[in-house]
Each structure stands twice: as C-alpha cells, then as structure tokens.
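Asker: I'd like to ask some things about the structure below.
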Amino acid sequence: MNAHTGTVRGKERYRSGVMEYKRMGYWEPDYTPKDTDVIALFRVTPQEGVDPIEASAAVAGESSTATWTVVWTDRLTAAEKYRAKCHRVDPVPGTPGSYFAYIAYDLDLFEPGSIANLSASIIGNVFGFKPLKALRLEDMRFPVAYVKTFQGPATGIVVERERLDKFGRPLLGATVKPKLGLSGRNYGRVVYEALKGGLDFTKDDENINSQPFMHWRDRFLYCIEAVNRAQAASGEVKGTYLNITAGTMEDMYERAEFAKELGSCIVMIDLVIGYTAIQSMAKWARRNDMILHLHRAGHSTYTRQKSHGVSFRVIAKWMRLAGVDHIHAGTVVGKLEGDPNTTRGYYDVCREDFNPTKLEHGLFFDQSWASLNKMMPVASGGIHAGQMHQLLDLLGEDVVLQFGGGTIGHPMGIAAGAIANRVALEAMILARNEGRDYVHEGPEILAKAAQTCTPLKSALEVWKDVTFNYQSTDTPDFVPTALETV
C-alpha cells in the first residue's frame, strides 16, 4: 500500500469484492500530467457524507477503466497506464459542497479524430453515478498530438472573408422570421429584402427543415433565387444558411448536394444531429468548398446550469475539432444566457490559435490548436442596431451579428431593418477607425448617423428601451491560485 495516498498496489488490489476508487489508483495526488495527456476539469458535487476525494476518484474511474467491483481482467491490461488519474481536488470558491476535480487520461484511451468516442468516455456513463448529487464538465485540455487527428473547421475565418471579399468589420445576418409557417415564395421574399438592404447573410432557423407548409427543395430554390437577385442588385457577395438537417444522413447529403448545385456557398446543420453526423458533414463541406454553419440547438439542456451538465466552452472546443466554420456563441447583451466573461471565453476558443489559461473567462488550461482553422462565432438572439457599439466592443470584428427580429421586425419593413443595421455598423466601424472612443460615444454616433438615415432613426426609437438585464446562471468560478488540496 502507498502510505501517502492509501492506494493498494499489486496483488492486494485483486481481492474479490468492492474497494474504494481512491485506493484503486484513481486518486494520484503526486501525479504530474504529461504533455500527451487529455485533461478534464469536473465540478463534482458529492452526496451528503461522501468524501470529495472518493467522489472525484470515482469520476476518474467510471470515465476510464473502472466498474463497481474489482475485476481480475485488470491484470491482463496495462492498468497503471490506462487508469484515469485524479491528481488535484479544489473546493469551488463560494460554493460549499462542490469541488473542482482535475483528471488526466492517457492519450491511448481515445480513438483518433472521433468526438463520439471522446464524449462516450468523458460523459458517457459517469453523470448518473449515485454517489454524486451533480457533476459538470467545466473544461478540457487536448494535447497537440490529439488535436492533429481532427481536420478542424472546413473553411475558417480567413478563407471565408476572402470568398465574401469582406474585411475589417463584423458580418451581418438575420434569421428569417417567423421561423415556421411561411410559404417558399414568401420565405424567399424575406431573404431578398434583407440581403438587398445590406445584410451579408440570412439564415434558416433550427427547426425549419421540410414541413407541409414548405418543402425543403422549394425553400432552397426560392432562397438561392433571392441571393442571386440581391447580389446583382448590390454588387456584393451574399449568402443564406440553408438548413440541411434531416432525419437521416442520406437525406442530409441529398440536401447538401442540391444546395451546392444551386450555387450556395454555405449550408447549416443543428447540434442535435449528433457528433458523428456533424463530423461527417464537416468532411463533406471541406471536400466541396462549402462553409458549414452550426446552430447550437438544444445545448442549453445541458450547458446552462452551473452544477450539472457540460459547459458550452467544452462544446465549442469539441466543435472546433469536429470541423464546423460557424457556431452560435452568445451575445452578452441579447435575450439568451450569456455572462460577459464566460462568453468572451467561448469567443477565445473559437478565434485564437492558442488559448492561454484565463480563469476569469473560464479557461482553466493552456490550449494549442495546432494550426486548425478558426471558427467564426455567431451572435444571435435579441440584439438590435442600438447595441452596435456594445457588440463591437464586446465581441470584436470576427463575428457574425444576426439581427432577426431586429431586421424583420422593423416598422418600415425588412429592407429598412437591414439598412438600419448596416448603417449603424458602418458608422461604428468608421468611428473606431478614426480612433474615437466609440464605446462611450456610441449613442451619440448612432444618433448622428440616424440624422441622414430614417430607417436607423426609426430602429433606435422603437427599440431604445429594450434590454435583457437578467442575472446569468453560468458565471465563471475559479481558483486564482492553487488552494490546499482537500
């Protein structure tokens, strides 16, 4: 027995019966993670009376090689190598009864290039473990050797901007509203008006697929006609995210191929199709020179609560590995969940070549992306022209700002809504480039631009009092310096 950790060694471990996880080698406080280890950070909330170290060791065991009792077949494997090792447990600041558990996994435990296999190990079974009241996967670190087994984003931010010939500003988009019920012809009219008015993209919503009121093929035809007409009228490259999400991969490939035949530069999928389907469509997009947009439909069912589930920063990392080009990552100021610092962390994951540890953004590890392309984050949900200075300041320029209701809900019409957003953006970019303090002068800059733009003036008046000031449920908890081990 190891006197320091209480770990049972050698033949003693293989007595029949049940043994504590921390005595089976899943708790190794002296272990130093290797550069080639995958590291996961869990927020562990044990049941009353359960030792936090035992609970954390159980997470390590149940997400790697352990089961509920000693098994003799462990002696047929390199058990010391393949056991996940919980090497650090810290109390979560300000949250009594919860602990951050750092767990290292040998790289050989994972199939190269497979998010499905990775997630099956890390979150596949352990979240239902009875000794745990709650469990959340907060962050992960992937070694370069593992990152290089994935293709990464099919197109990337740089190539996307080159294809669109649009630089130095955020891209503008809008989700077609109402999301359900429009005929194909009327849907196409919305797309045309929005693009002609100055937007770069329009977008299908997550649940518009192929329903009785509008077959997918009709939608594709009318939308691409609208894109072509808007391009001819504006002289700019335009696009619309055609949602190819369907019930089978065969149907999705059929829709993607038809979108390509029509000349679309981008297709869209939903997160709910699953990790394998996402990777399959990312490979198709790369082979066919298409931009791949991912709507994070369904994510809040497991990302929103702080105590249980999977943090969206982990989903963002998985999706960058998987190969999507766009991902919805929050707005901070809109109607959807988004703590400012936490959201900045998501954007860091999307857009940086190397993520340094940044605890205030919820990033617990250094992460190299090994030359994988960058993802374009998308801000969507409850934003409008009057927030343009805040959006530019908080989110930067490599982002798609999607004003759905803020375009289609404009009192003067869809084209006027698009004009208002484009003029507001151009005014703010000009002010930034001139070196002005556009963050504090934002309302003044917008008011001046509105003097010569009636649609913007109307937008500022209609939505001047619209705010979504609610307390975020997912704020970063972090340990500024290493605390004493529990």
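Every residue, even glycine, has its Cβ placed from backbone N, Cα and C.
Okay, so Swiss-Prot annotates it like this:
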BINDING   N125, T175, K179, R296, H328, S380  substrate binding site
ACT_SITE  K177  active site, proton acceptor
MOD_RES   K203  N6-carboxylysine
ACT_SITE  H295  active site, proton acceptor
SITE      K335  site 'Transition state stabilizer'
Asker: Only counting partners 6 or more residues apart, tell me which same-chain residues put their Cβ under 8 Å from the Cβ of K203 (N6-carboxylysine).
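Answerer: For K203 (N6-carboxylysine), the qualifying residues are G173, A174, T175, V176, T240, Y241, M268, H293, Q402, G404.
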Asker: Out of N125, K179, H328, S380, point to the one nearest H295 (active site, proton acceptor) in space (Cα versus Cα); all of them are binding-site residues in the record.
Answerer: H328
Asker: Give the three-state DSSP assignment (helix, strand or coil) for T175 (substrate binding site).
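Answerer: Its secondary structure by DSSP: strand.
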Asker: Which one is it, among the binding-site residues N125, R296, H328, S380, that lies nearest to K177 (active site, proton acceptor) by Cα separation?
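Answerer: Closest by Cα: S380.
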Asker: Among residues N125, T175, K179, R296, H328, S380 annotated as binding substrate, what is the maximum Cα-Cα distance? Answer in Å.
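Answerer: The two farthest binding residues have Cα atoms 37 Å apart.
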Asker: Using Cβ-Cβ distances, find the residues under 8 Å from N125 (substrate binding site) that belong to the same chain and are at least 6 apart in sequence, listing them in sequence order.
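Answerer: Counting only residues 6 or more apart in sequence, the Cβ neighbours of N125 (substrate binding site) under 8 Å are E62, S63.
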Asker: When you measure from the Cβ of K179 (substrate binding site), which residues in the chain that are at least 6 apart have a Cβ under 8 Å away?
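Answerer: Correct list: D205, E206, N207, I208.
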Asker: Please state whether DSSP places H295 (active site, proton acceptor) in a helix, a strand or coil.
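Answerer: The three-state answer is strand.
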Asker: Looking at Cβ-Cβ distances, which residues of the chain lie under 8 angstroms from H328 (substrate binding site) while being 6 or more apart from it?
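Answerer: Residues satisfying the criterion: L294, H295, R296, P377, V378, A379, S380.
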